[in-house]
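Read through the structure below, which is laid out as structure tokens, and then see the notes.
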Amino acid sequence: MKQDIIDRLTRYVTIDTQSNPESTTTPSTEKQWDLLNLLNDELTDLGLETDIDEQGYLFATLDSNVDIDLPTVGFLAHIDTSPDFNASHVNPQIIDNYDGTPIQLGKTNRTLSQDVFPAMKNVEGHTLMITDGTSLLGADDKAGVVEIMEALKYLTSHPEIKHGKIRVAFTPDEEIGRGPHEFDVERFNADFAYTMDGSEYGELQYESFNAAEAIVTCHGVNVHPGSAKDAMINAVLLGQQFNALLPQNEVPERTEGYEGFYHLMKINGDVEKTTLQYIIRDHDRNEFELRKKRLVEIKNDINSHFEDEPIEVEINDQYYNMGEKIEPNPHVIDIPKRVFEKLGIPANTAPIRGGTDGSQLSYMGLPTPNIFTGCDNFHGPFEYASIDVMEKAVQVVVGIAEEVVNTYDK
């Protein structure tokens, strides 16, 4: 199976599927269709019934091979790659039996090293797929796509493995936060599902951040600096003042675990007008609401010193902690936990310091935890995939299909 995984992952990552946050279409880039169409053909070749809509949501069905009434389980992965780094001309490299020493990435000056990425100690002895240093790898989330496809291939070639109805979805635009926006939960018609979009071995994640975006707009008054006294209002300095009033330790680089943060993503402007773009994250819903409230309070405090209120704040929620929807459905976690135990995989249920498509899908009525893929260092040239861990992830998908039968055939 290992060589099959390498071949399939190579085939997928060399197709450029980078999404574009500036686009208003779905998918956001035409090139995402290249992989979607390939997957549609490959699913059909496996004997699955497929359904792809005009917005790039590819669904497929593996019919049940048992005569009992079972819930339908779904597996999902996104096909787009991050816009944060070059995603074209991906040239994957294979490292057999990784020995823990630094790896030079192609002909670049970039080095993949445990000194910088200590999690790589966990994949010593594994076969790795890495980049040549000029692009991201795209294992986020093409590794998840591979794992689902390899599991389907295994199930279709081993009819002795009993399973209920399985639904599969490959989706666009997750990397720009739009993955589930046009996802038709009713058409997908699963009772619960799993995103194959995690990272390190053993991850089984059912808690995510609550997430919002905030746009702070500072309006200034531009006057010639030679006659600016008591007349100029510098929008750049207003933005600086606004950010200084936020808790300086509650930022991504100083938080971990369940700790939330404010993240200043971008500043753009001049004396006349300056905008600050933030993301707000917290696992606790009450703390999340307080964080948003704090931005408004800072705005009001600064504005109170001016006749014309110069600062505006616009806040938009993006997704919520999926744990609120998954915890009332404990079987959705218990099933993969039993599979992990049978396979000897230690389950790591630490919260996601981020979100997945499952964060939004869970609030759309489809409880969807997240499972490891065996990849790390996403969105850049240091991304890598452990083929050994990917092989385990394939076994998890197959195991969940089996465990649904074991759970409900009583």
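Every residue gets a Cβ built from N, Cα and C, even glycine.
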Site-mate of His78, Asp140 for Zn(2+) 1 in Swiss-Prot, selected among Asp34, Asp191, Asp197:
Asp197
Roughly how many Å separate the Cα of Glu174 (active site, proton acceptor) from that of Asp197 (Zn(2+) 1 binding site), to the nearest whole number?
10
Cβ-centroid neighbours of Zn(2+) 2 site Asp140, Glu175, His379, 8 Å, sequence order:
Thr81, Ser82, Asp84, Leu136, Asp141, Phe378
Residue among the binding-site residues His78, His379 whose Cβ has the most other Cβ atoms within 10 Å:
His78
